[in-house]
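**Student:** This is the structure, below, for whatever I ask next.
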Amino acid sequence: MAGRAAPAPGALLCVLLCAAAATVGGGPEDSPAPAAFGRVYRGAVNISAERVYAFAYRSEPGQVDAVRVYVNSSSENLRYPVLFVVRQQKGVLSWQVPLIFRGLYQKTYKYQEVSRTLCPSEPTPETRPSNQIIFVDVASMAPFNIAYELLVTRLEHFQLETNKAFNFTASPSQPQYFLYKFPQDVDSVIINVVSDAPYPCSVVSVQDIVCPVYDLDHNVEFNGVYQSMTKQAAITVQRKDFPGEQFFVVFVIKPEDYACGGSVPSSIHGNVNHTWNLQRMKNLRVTIVPSIKKSVYVQAMFFSFLSFLSFYLGSVVVAFVHYISTDMKLTVPLGSVSIAGSGIMTSSHPISASTPEGSSYGAIDESSSSGGHQLSSPKRRPPAGSDTDSSVEEESDFDTMPEIESDKNIIRTKVFLYLSDLSRKDRRIVSKKYKIYFWNIITIAVFYALPVIQLVITYQTVVNVTGNQDICYYNFLCAHPLGVLSAFNNILSNVGHMMLGFLFLLIVLRRDILHRRAMEMKDIYTLDYGIPKHFGLFYAMGIALMMEGVLSACYHVCPNYSNFQFDTSFMYMIAGLCMLKLYQTRHPDINASAYASFAVVISLAVLGVVFGKNDMWFWVIFSMIHVLASLALSTQIYYMGRFKIAHCVGYSGFLSFPLTDLGIFRRAVMVLYTDCIQQCSRPMYMDRMVLLIVGNLVNWSFAIFGLVYRPRDFASYILGIFICNLLLYLAFYIIMKLRSSEKLLPIPMFCIVATAVVWAAALYFFFQTLSSWEETPAESREKNRPCILLGFFDDHDVWHFLSAAALFFSFLVLLTLDDDLDTVRRDKIPVF
């Protein structure tokens with residue numbers, strides 16, 4: 001009661017004696033005696049005799065006193081445990097000995113030694129010391145005596161200090177917790193806990209100053225923030241989350257190790273699943289260090305944006321130099337110079353309308369070099385001014401070559417193909433088809449990203465509400481929270497993908513505008529020079545790069561096994577679009593539709609997340625699909641899209657036969673023999689055959705690897721398939737380009753070198769594994785490392801920065817690779 005004087009020490013002793021006098025049984029051993037800290041009390045209890053101990057101590061002003069109770073009983077009788085009840089001023093704590101923990105398969109672990117830390121008394125605003133009393137009741141319902149030991153001590157090192165390591169031990173029946181108070185100038189701290197041995201599995205929890213403290217295996221998850229731990233754990237704590245500016249750090253040892261990746265106990269039936277006094281002591285060291293200040297957040301954001309704004313500045317400088325260098329060229333008469341800015345070059349070299357005797361289709365008639373320009377097509381193509389995207393007419397409304405479908409069956413099977421053979425369709429029609437990719441990928445991005453964002457927000461909310469930090473696989477030694485986000489640095493580092501994706505869109509838009517202006521200035525539809533310019537796939541690639549940044553940021557809101565598919569989905573799109581763009585460059589009339597392929601890949605990725613862990617049937621089906629798809633695609637590439645089943649079952653030349661014709665099977669055998677057996681020794685298209693053989697070997701190797709090892713990271717497995725095929729195709733393209741005596745201009749050469757260097761650096765940081773959801777959360781935290789850049793970004797963030805730049809340079813390679821062909825006639829550009 002307020003204003004009441006504190007009892008004198010003699011009154012305390014009277015309280016002790018009165019409490020002891022209430023003990024039943026009477027006898028010399030039951031006579032009341034003062035209880036002292038640090039002294040071991042031994043006794044015995046039964047149904048008619050219980051013991052009550054009273055411990056009194058003085059609490060200094062502003063000091064937090066903690067008391068630890070150690071008890072022991074030699075009895076193994078589970079029917080009659082010894083019950084210990086500790087009564088404090090504002091709480092009651094009780095347990096029994098033997099103390100029972102339950103594990104998997106109803107397995108039980110029993111401990112006869114138990115020690116618990118009592119909830120400390122709150123410091124009082126009084127300026128003089130106060131007296132505190134603790135009562136310990138010992139009882140049992142046993143009809144016979146059960147011996148016990150009791151020891152009560154005051155903890156000298158209960159409060160943790162900043163930047164000072166503290167060593168201690170804990171076990172399942174002897175948990176530990178300590179107090180930490182925020183210094184005045186610290187708003188956030190990181191709790192680092194390390195151990196030399198991975199097992200036994202432990203749990204680190206941060207709880208508010210509330211009694212009781214949840215410090216047992218079955219209740220440690222009821223309050224606060226917690227992590228499982230083997231050799232390392234780290235929890236970032238902010239002052240704003242604790243109004244009292246202080247908290248408890250709780251350490252609990254689990255009775256089993258399966259939660260941390262250890263062995264799973266076998267299922268045991270009967271009464272043999274009891275384990276007594278299993279030695280599971282763990283040595284731990286805890287250090288609490290201040291986290292970064294708010295100014296570091298500002299510096300990191302400035303660094304992120306300014307780093308990629310420098311790419312914008314570099315692009316402006318290159319564009320300005322390019323404008324100055326080509327300003328005079330635009331005024332030179334048509335037929336002698338280039339329009340470099342748009343990537344369009346013209347020349348006065350004529351093209352023959354007919355094919356000379358004995359020459360390949362599309363060859364130049366040198367005898368007509370003194371004549372005027374002649375077109376290889378019978379009708380003049382529409383002027384450039386009529387090229388508009390607003391047209392909604394179908395391809396049939398523009399096709400001025402009705403014989404093209406019959407001609408291409410012959411043209412595309414020639415031994416030597418030139419670009420003029422595969423650029424016969426109206427440019428507007430082909431361009432419109434490729435622009436469909438741009439609008440489709442925007443549609444995919446919107447409908448794919450919205451549910452993803454909703455899902456990761458739900459994950460983050462669950463983490464914040466439950467406090468379970470085992471849900472998300474962060475690098476906890478470098479996870480800087482901001483608002484509701486637990487690892488803002490992993491999200492911020494993805495800004496490069498979005499900024500460079502938008503910059504690439506601007507670069508493509510500039511080229512597109514200059515190309516259109518050149519079309520309006522000069523009627524160069526009548527002049528077939530250079531690679532046909534279709535920018536639809538480039539626009540789609542820019543959107544895909546931006547969306548990769550968005551979805552990678554979504555994944556890093558809460559990285560785990562289920563979310564990883566979001567991080568890789570648009571990487572599939574990027575790899576597929578790059579391969580399509582490489583193919584479309586030399587095959588503009590062959591409009592490869594990949595919508596269904598992308599849908600199948602995304603579907604397989606989702607199925608792989610669900611069934612790809614251990615289900616053998618899934619890997620068998622996937623490997624079969626992979627091999628068959630490789631063969632089908634190889635056939636289409638080898639025959640330039642002109643191989644059809646009808647060729648084998650009823651198509652011979654230009655005649656079709658009924659299915660009842662018995663000669664069908666003979667013709668099918670002949671086709672297989674000539675195309676698959678005879679040509680293996682002397683293939684008609686040697687370059688294509690070499691590429692496809694190597695490509696099939698690579699893909700079959702992937703299929704066999706997946707079937708044998710069944711990697712758990714299915715999304716990365718599919719991404720590896722895409723990347724290897726893309727690199728193989730790009731290498732083949734560049735080699736064939738150099739073999740054809742084509743050259744690399746300075747800008748694409750610089751982009752190729754920059755791409756190789758930046759990718760090499762990016763992959764170095766990518767393989768610095770900082771976490772792994774293929775393992776348990778506790779095992780994943782063993783890989784956590786401190787920040788390496790500005791004290792804010794870790795290795796994976798650097799990977800994000802470098803991979804964004806590498807993808808940007810890769811796109812520029814595809815955009816500028818064939819700029820040297822702008823002055824070359826299409827009937828001189830080989831197809832490969």
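Cβ atoms here come from the backbone N, Cα and C positions, even for glycine.
No curator has checked TrEMBL annotations; they are predicted automatically.
According to TrEMBL, the feature signal peptide maps to 1-26. Per TrEMBL, the feature transmembrane segment maps to 300-324, 437-457, 491-509, 537-558, 564-583, 590-611, 617-639, 689-708, 714-735, 747-767, 798-817. What TrEMBL records for 350-400 is region 'Disordered'. Among the features that TrEMBL reports, compositional bias 'Low complexity' is placed at 367-377. Under the heading compositional bias 'Acidic residues', TrEMBL lists 390-400.
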**Student:** With an 8 Å cut-off on Cβ pairs and a sequence gap of 6 or more, do the transmembrane segment (437-457) and the transmembrane segment (689-708) reach 3 or more such pairs?
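**Tutor:** Answer no, regions not in contact.
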**Student:** Six or more residues beyond either end and a Cβ under 8 Å away: which residues meet both conditions relative to the transmembrane segment (689-708)?
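**Tutor:** Distant contacts of the transmembrane segment (689-708): 619-620, 622-623, 626-627, 630-631, 634, 637-638, 679, 683, 717, 720-721, 724-725, 728-729, 732.
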**Student:** Which bits of the chain, at least 6 residues beyond where the transmembrane segment (491-509) starts or stops, bring a Cβ under 8 A of a Cβ in it?
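**Tutor:** For the transmembrane segment (491-509), the list is 300-301, 304-305, 307-309, 311-312, 315, 485, 535, 538-539, 541-550, 552-553, 556-557, 793, 796-798, 800-801, 803-805, 807-808, 811-812, 815.
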**Student:** Looking only at residues six or more beyond either end of the transmembrane segment (537-558), which have a C-beta under 8 A from one in the stretch?
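**Tutor:** Apart from its flanks, the transmembrane segment (537-558) reaches 434-435, 437-438, 440-442, 445, 448-449, 452-453, 456-457, 459-460, 463, 471-472, 485-487, 490-491, 494-498, 500-502, 504-505, 508, 564, 566-567, 569-571, 573-574, 577-578, 580-581, 584, 800, 804, 807-808, 811, 814-815.
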